[in-house]
């Protein structure tokens, strides 16, 4: 028994020694890293350690990531199901005006967007894994309550409350995932996570197609809300028991793996282990003062008009091409599946090449091409116009998750990172714009909203390009300064708190 303990202690010591070597490796190659303007972070010191790190990632991919993906998929379903319900006569059955859908969707964003950073703070205080279960339970119950809505006021009240509960989910969950994965293993995982929102669109179309064909005493759209709400509630109840609170508390890891998982994240974030689970006043102040966040936010909002606005009304737009309600919902499946697949390809490439900007710009360019096809092709060519929608959706989901990975990687202090990701969630204001653009009076062609969205995405594309050059300039400025520093000064810069997080001369912005 004592022999086994000795072996285990030796293994832990070897792991710690190996990861400490990573610190030395980073210090040794820091000038080269700055010169080539690549981002630092955790770098395995050997082929063996790289293999071990990948094995650890696979465990997180098996036990943590899929559960987050499932929750977010139902988050997407519960947010976009009004568009599906409308194709089955939701407003007609309740004697509501058609624009009630647009009003309710717009007002949803009035709670969903501004409350995101505050919800993230609560999640940090309560415990992120527990908080994710609590808020999922809240929006699941509210989704179910759509079944008994009778008036526009009731519909608006339900959507406002759903916005309250959903507001903290995405930034809290991304912040939670960033506790487990080093920064350049993160974008692909965020893409898998965010891609579930695209899959939700496809899955939602299939659920709607089936729900609308149920022969029972209720309307088809009522069965839709019952199915989606009930499943969400069941998943929410299991969440706090399944998700680990932190890498070192993962129930599925051995003691050796827990030690290694903790240490590599300390190396990756250049922070103390304890700081990753605390939120300080300095975190909040520094997040609010972070120029990188405010510089990219306006363009993130414009880029979000398509995924947050158009996707909700896509079943209605497709129905306007001359298809029946059930068929229109079924036809939303291929665009979402293609969009999810392309997102994963782009995110994997972004992580592999350690590059963010060009991948985002390529995604936005696809959106623009699809939008131009959608408004320039006449309605009497529905197949070609539908092809434009497929191209549009194929690029729609690329910018947001890579932007999140970009901001996350450029914000090494986890407390500040949580706030930054919460404020970045204000990019969902694009949903307000989209909700007010795709009004029934512009149907069935929707030329005006499609043209307007094209212009907004074009501005976003230019803004992202300018942001790239701004970060490159800062990296060159830092490289010039650090070239005059001694190894001792570099070590002191890495370990003291005089300059905070990314303000350190030794921190390189990912581009």
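Just so it is clear, glycine is given a Cβ too, placed from its N, Cα and C backbone atoms.
Where the annotation comes from TrEMBL, it is an automatic prediction and has not been curated.
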Match it up for me: which of 261-281, 387-407 does TrEMBL list as transmembrane segment?
-> 387-407
Quick one: average pLDDT across the domain 'Major facilitator superfamily (MFS) profile' (64-472), no decimals.
-> 85
When you check the transmembrane segment (291-318) against the transmembrane segment (419-440), do you get at least 3 Cβ pairs under 8 Å, counting only pairs 6 or more apart in sequence?
-> yes
Please figure out which one of 100-123, 330-348, 387-407, 446-469 racks up the most CB pairs under 8 Å against the transmembrane segment (155-179).
-> 100-123
Spatial neighbours of the transmembrane segment (387-407) not adjacent in sequence (6+ beyond its ends, CB under 8 Å) are 174, 183, 186-187, 190-191, 193-195, 197-198, 292-293, 296, 300, 303-304, 306-307, 310-311, 314, 317-318, 334-336, 338-340, 342-343, 346-347, 350-351, 356, 359-360, 362-367, 369-374, 377, 417, 420-421, 424, 427, 460, 464, 510
In terms of Cβ proximity under 8 Å, which residues at least six beyond the ends of the transmembrane segment (191-211) contact it?
-> 65, 68-70, 72-77, 80-81, 84-85, 87-88, 173-174, 177, 220-221, 223-224, 227-228, 307, 311, 314-315, 326, 329-337, 339-340, 343-344, 346-348, 393, 397, 400-402, 404-405
